[in-house]
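Enquirer: One structure follows; several queries about it will come next.
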Protein chains: 2
Amino acid sequence: MMPVINAKRLIERLHALGQTGRHEGTLTRLAAGDADKAGRDLLCAWMQEAGLEIGIDRIGNIIGRWDPDGVSGAPVVMGSHIDTVIDAGIYDGCYGVLSGLSVIEALKGSGTRIGRPIAVVAFTNEEGVRFAPDMMGSLVVAGGLETDGALATVGTDGETLGNELRRIGYAGQLDPMDLRPHAYVELHVEQGPVLEAEGVNLGAVDTLQGISWQRIVIDGTANHAGTTPMRLRLDAGVAAAQITAALDGLARAMPGAVATVGTMRFVPNAINVIPSRATFTVDLRHPDEARLQQLEQDLALLLDGLRANGYLVSAERLARFEPVLFDQDIVEKIETAATARQIGCRRMTSGAGHDAQMMARVCPSAMLFVPSKGGISHNPQEFTEERDLIAGAEVLMDVVRGLCA
Amino acid sequence: MMPVINAKRLIERLHALGQTGRHEGTLTRLAAGDADKAGRDLLCAWMQEAGLEIGIDRIGNIIGRWDPDGVSGAPVVMGSHIDTVIDAGIYDGCYGVLSGLSVIEALKGSGTRIGRPIAVVAFTNEEGVRFAPDMMGSLVVAGGLETDGALATVGTDGETLGNELRRIGYAGQLDPMDLRPHAYVELHVEQGPVLEAEGVNLGAVDTLQGISWQRIVIDGTANHAGTTPMRLRLDAGVAAAQITAALDGLARAMPGAVATVGTMRFVPNAINVIPSRATFTVDLRHPDEARLQQLEQDLALLLDGLRANGYLVSAERLARFEPVLFDQDIVEKIETAATARQIGCRRMTSGAGHDAQMMARVCPSAMLFVPSKGGISHNPQEFTEERDLIAGAEVLMDVVRGLCA
């Protein structure tokens, strides 16, 4: 019997999980809060229904494992997370977890023979809204953060993650670092407009961009806008504008690069006063570490140019992640599976961070993207067509089946 | 006997007037408030001491007139204002009024024969902090605003100017438009860094810049900073930055022009979101109307370029004043007087607005500037050296003497 994804059940579960943490029409399911408990309980009930062995590790990651008799070795793991941002959509994270569950159900229900255990995991605190850093559950699994340190993290509301996990009943006994998969595959909505814009239904994610965030402060000299000749000015606003425009040009000239100045503040911010200070953030991303470093150097040179002209300039690093190169073999398996099902597929880069980037440190990993309407994410408007959701789960199933053959 | 400015008295009066409206070390003397009454009372007492005939017009302008027997004709008028901004320095406005008084005292005391009456005026509400518009007293004199309309103006605290003038005892009987000087000369601190930077002690102000203020709103599209390729972006922040940098370049390329983007706001102003909206102000100034219009057209073209690229752009006019060309004859008299006293003098433009620009509508007018340390004004740090203050008053005296010969 051919394994088939139960499309209706997958969609119904997405909507049911999207009702937990909903308050006055708004969906918010922050890590280790009451709404997260409701979502976790629902997920565990479904895993139990599916006959999975449920394990909870010390950082609260939920692992649902199908471990048929006579099958051994490290599991092939699918997953993502079910915590959300504030005022979220219903797909982000949840789709990856529920698709993984659907895949196991389909394989199990069809009597498919597998050569390894298969598991689906919901990682704790991927969003990082309540507890920093984000991608915390997978980071701990990957050994990038001590479990005890992560549990001691104080949230925005003053509670520690450890206490909150105990309170909601999800402080487990397993050692997070015991999860060492044979391979990890994460299915996710794109959170960007590329697939939709190109009319392609599946992305085989072969890289995850490196991210460099900096806060720049430029100090010039405030002065009267009418009486200060141009040659006597040290206009911090103009300096910030030149950097903003130049970064845009640099990113456009380098294939694969993106650069964004998302925040900007002038001081004193008065119509007839030359700005004395401009504070802004720079978000640089590239899938290739050398290129990302090139962009950072270009920015540093631009800032040095301002210093040479008399400005005081400081740059503070806010975040820095190296790019991730996903496993070529899994990426090829994704492409092959998509082609076999006649689903349009392209290789692509993930611009956002995902649990898969942490898992890539400990096992061969890759991701699949399905289109996201308008590229909207972290927003109630987030939407993916059902046929794309199902097609993504089917390709995931084919890939996992191949990985545990 | 040669007329001589009483330097000690002028300086002492500047400091004494600078004490009225001082509260916990901060000087604030808003138009027609209690502090303004205290300053007006002090000024009138000094005018009385000097034997001047004091007149108050309906808008509260105070005119102190020296009208020797047998002398007739329209008066030569000096003046400025004694209201201040919030947290002001002691020079702005007051220096012009007190110097005018000193000039009359010097001429009178030395028995100098004059061919016309001489007067000094303190105009009501030049700063416009409490009541809009600014330069109100001189605007009413020049016929640019009806007296009754001006008196009905509601201040930031809900009181009308008319009621407040009555309350403090400065609602006079004279018709403001009856003041039709033979000539008007205003001495002021520069409020800019030009004289200090060039080591010149006097400015003969031959023009007053035209001013064009606009508020620009650029709407693009918000999107994920990591997942939206550069070619699919409509980044309102980058568009605003390009305009800001381009305006700076345009002003630098046009002698006499200044351009300032003083305020800037991004929406949503988040580090990893492409700005959907940028709102900013543009302050353009030039002493020549055709050049100012050229700058406005250049800006309009830049905005049209954005529209052609898909942005929604709106531009709202916030203020517009045509440039003022001061009286060439008076300007030459200023230069001649400065040269005769071996005081370094240069012609210059006023970047700020002054009562003289209103008086220029009704009589030959010009201004003298003395250096201002660091170009700082509207600020407790405002400072001009005593020798520069005295030199300015001396040149003013010589010019006025010539004008009423």
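Placed from the backbone N, Cα and C atoms, the Cβ positions cover glycine too.
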Enquirer: Starting from the Zn(2+) 2 binding annotation in TrEMBL that includes A:D92, A:H378, which of A:E105, A:E127, A:E386, A:E394 is the extra site residue?
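Expert: The one candidate that TrEMBL places in that Zn(2+) 2 site: A:E127.
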Enquirer: Suppose a student reads TrEMBL and sees A:H81, A:D92 listed for Zn(2+) 1. Which of A:H182, A:H188, A:H224 should they find annotated at that same site?
Expert: A:H188
Enquirer: Below 8 Å Cβ to Cβ and six or more residues apart, same chain only. Which residues does that give for A:D92 (Zn(2+) 1 binding site)?
Expert: A:T84, A:V85, A:H188, A:V189, A:Q191, A:S377, A:H378, A:E382
Enquirer: Other than its own, how many Cβ atoms are within 10 Å of the Cβ belonging to A:H188 (Zn(2+) 1 binding site)?
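Expert: Step by step: centre on the Cβ of A:H188 (Zn(2+) 1 binding site), count other Cβ atoms within 10 Å, giving 27.
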Enquirer: Roughly where does the domain 'Peptidase M20 dimerisation' (A:209-303) sit in mean pLDDT, to the nearest integer?
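Expert: It averages 95.
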Enquirer: Using a 10 Å radius around its CB, how many other CB atoms surround A:E127 (Zn(2+) 2 binding site)?
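Expert: There are 21 such Cβ atoms around A:E127 (Zn(2+) 2 binding site).
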Enquirer: I'd like the number of other C-beta atoms within 10 A of the C-beta of A:H378 (Zn(2+) 2 binding site), please.
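Expert: A:H378 (Zn(2+) 2 binding site): 20 neighbouring Cβ atoms within 10 Å.
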Enquirer: Are there any residues in the same chain, six or more apart in sequence, whose C-beta is under 8 angstroms from the C-beta of A:H81 (Zn(2+) 1 binding site), and if so which?
Expert: A:G93, A:G96, A:V97, A:A122, A:F123, A:T124, A:N125, A:E126, A:E127, A:G137, A:D355
